[in-house]
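Novice: Before we start, here is the structure in question, set down as structure tokens.
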Amino acid sequence: MRFTRPTPGLPTDSDIDLAVPRQRAEPQWPVLAVISVGGIGGALARYGIGHAWPTPPGDFPWATFVVNVTGCLLIGALMVLVTDLFPHRRLLRPFLGVGVLGGYTTFSTYAVEIRNLIAAGAPATAAAYLLGTVAAACLAVFVGMTAARFVTWLVTA
Amino acid sequence: MTVLFIALGAAVGAPARYLTDRWIQRLHGGRFPFGTLTVNVLGSLILGLAAGGTATTTGVYALVGTGFCGALTTYSTFGYETVRLLESRAPRRALANAAVSIAAGLGAAFAGVAIGTAVWH
């Protein structure tokens with residue numbers, strides 16, 4: 001089926017990809033402004049989830065896991081949609097992708113949590129968290145992209 | 001106050017990721033996502049410093065850690081790039097991106113916490 005194929009013109013880096021001509025010429029100040037505002041929204045959503053769902057020391061960090069995996073599901077869908085359906089909405093990727101989803105997901109907390117699990121004497125949980133997040137994140141990106149490709153296929157068919 | 005500190009940190013962290021990524025791509029321009037790797041490792045080091053140097057309940061941690069480092073680093077771009085490399089038939093680069101990002105990020109987190117604890121305690 002057509003929608004399972006990679007989208008032509010899809011960038012490799014969702015934040016900024018200078019191989020995409022339009023992104024090289026991105027108007028800097030409006031782009032930076034929407035990234036900043038989006039980043040605030042994403043970071044506060046991440047804080048809210050972490051606050052409502054605290055992880056006791058030595059336990060599997062479910063809040064960060066869910067934040068990162070759902071963020072990956074959404075970036076996969078978003079990148080296909082902005083490339084295929086909304087190529088003229090120039091601030092959509094900077095706002096939702098770079099700002100909201102970039103501010104929402106976090107690599108630094110992931111790294112420090114693995115470090116803390118190892119330091120707390122829970123290496124098995126650390127390993128499960130390390131591998132479980134990266135596997136679930138990649139699967140989520142793929143599912144998001146495929147779902148968005150299916151929607152694009154339905155809409156443009 | 002915590003929410004305000006996080007918002008302030010994130011308002012700077014997210015555009016800092018975009019600008020750093022853009023700057024590194026201009027220097028490199030290759031097919032390996034060095035830009036995202038750089039912000040993720042740097043953010044892991046700074047969050048480690050914050051975690052080692054202060055309690056997670058302080059305003060400094062909210063500003064520098066939850067806000068700035070959380071928005072500077074990204075799992076969505078990291079996951080997206082890894083899948084895009086796989087999809088573009090570059091499985092070795094995809095695997096290298098995942099392995100190097102996680103190994104370097106974890107190393108930076110360990111170093112950050114150790115330095116933060118030594119300096120501020």
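Keep in mind that glycine also has a Cβ here, set from the backbone N, Cα and C atoms.
Dumping what TrEMBL says about this protein:
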- B:Gly70, B:Thr73: Na(+) binding site (BINDING)
- B:32-52: transmembrane segment (TRANSMEM)
- B:59-78: transmembrane segment (TRANSMEM)
- B:98-120: transmembrane segment (TRANSMEM)
Novice: For B:Gly70 (Na(+) binding site), which residues of its chain lie six or more apart in sequence with Cβ-Cβ distance below 8 Å?
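Specialist: For B:Gly70 (Na(+) binding site), the qualifying residues are B:Ile6, B:Gly9, B:Ala10, B:Gly13, B:Leu47.
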Novice: In sequence order, which residues at least six apart in the same chain have a CB under 8 Å from the CB of B:Thr73 (Na(+) binding site)?
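Specialist: Looking at Cβ-Cβ distances below 8 Å from B:Thr73 (Na(+) binding site), excluding near sequence neighbours, one finds B:Arg17, B:Val39, B:Asn40, B:Gly43, B:Ser44, B:Leu47.
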